[in-house]
């Protein structure tokens, strides 16, 4: 994994120069008013958490290795890509970085190359690790349908609770349920937004 650093550097730091390469810590830029808090990453050279400083303001270029295509994918691959995607989402949605994320397909080892040539595996396994877009859309629609059905039931339950609290003149319970209704409507709005995005993706895919 590689994250782009900064162009300005301080004096090199290295706890054990006989076993580690020197590390040049970046100069910390002025506080960005858009940033929320400060992102810290563990530096394997120093063994400490260091402030993350992009090379270009809020722009981050991130490269990671992808599947090594000499055998079928397994759950370990899924965990890796899921973890990286969570990190990317935190960087974009919470810290407001503009992240350009790149992942490759690896087939550079001599034994892997030989095996791939013998069995014509590269193309086969590239297809195997590719996303079946149509199947993904079906699964997403099914999940959204179930989520919306649960959302409708929850909305009815809260509305009934508000009505009962109003009839019983229980202002505290009414206020609590109205607060829950506001939270529920926000969640439902997110579901509707996800559904709209899926439909938009379906439209762009069919037109391409």
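Yeah, the Cβs are placed from backbone N, Cα and C, and that goes for glycine too.
If you check TrEMBL, you get these features:
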- 166-177: compositional bias 'Basic and acidic residues' (COMPBIAS)
- 52-122: domain 'tRNA synthetases class I catalytic' (DOMAIN)
- 164-186: region 'Disordered' (REGION)
Counts by DSSP class (helix H/G/I, strand E/B, coil) across the region 'Disordered' (164-186): 20 helix, 0 strand, 3 coil
Mean predicted confidence [pLDDT] for the domain 'tRNA synthetases class I catalytic' (52-122): 80
